[in-house]
Amino acid sequence: MQIIDSIRPDYRSYLSKEEVAAIEHEASIMETREAAGIEALKVVQKHRGWISDDSLYAIAQLLDMPVAELEGVATFYNLIYRQKVGRYVIHICNSISCHLTGYQQVLQAIKDHLGIEYGQTTADGLFTLLSNACLGGCDKAPVMMIGELHYEHLTPAKAVQILKKLAAGASTDNYLPPISPEISPEITPKDKQGFRDELDDDDVAGEISEMELSDE
């Protein structure tokens, strides 16, 4: 067993019995330690909303896994949150398809309505706004995901209406979606806050040029 910083709580006193049982079950069926780590992070995030440093240490201790290795897993996937997030996490797709179908206007409407920028959470703790490089809905762009639900063919008005309904009490399952080909994880570096930077216009233009989608 690796030595965990003595100031960190023992996983037996930190994690609930349900969390421990779920993590041990996932570890028993996963083929690799990294895969077990991903599932363990998802289990704890489902119960706590995000992965704190204490949660990270407790999971690493339970799995007999180096903390640095688990941290690498946690920061690799953009559906694992290493800082506190709101009840509803808005992932708005900023792929090329979404850029070409009005994503910028939808994003601005969301920012104006909520009064926040990327990586921020509303004062009431309801919404956190994040970018996502791909949500697997290029034929239905612009797209955003909240909880497990995809919202497609967005317009500025439609996006704001969705947020108003959620704020008024409409529900969406906030369980962490499985990392799968349908919901692509980030594979690019994230910024210092732990979230991926938004593509700027030059980045998008470069991608379009490389894919021979420009008018030239």
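Each residue, glycine too, has its Cβ placed from N, Cα and C.
Where the annotation comes from TrEMBL, it is an automatic prediction and has not been curated.
Sequence-distant contacts of C93 ([2Fe-2S] cluster binding site), defined by Cβ-Cβ distance under 8 angstroms and a gap of at least six in the same chain, are Y103, S131, N132, A133, C134, L135, G137, A141, P142, V143, M144, M145. Marked as [2Fe-2S] cluster binding site by TrEMBL: C93, C98, C134, C138.
Residues annotated as region 'Disordered' in TrEMBL: 178-216.
The compositional bias 'Basic and acidic residues' annotation in TrEMBL covers 188-197.
According to TrEMBL, the feature compositional bias 'Acidic residues' maps to 198-216.
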If you rank the binding-site residues C98, C134, C138 by how many other Cβ atoms lie within 10 Å of their Cβ, the lowest count goes to C138
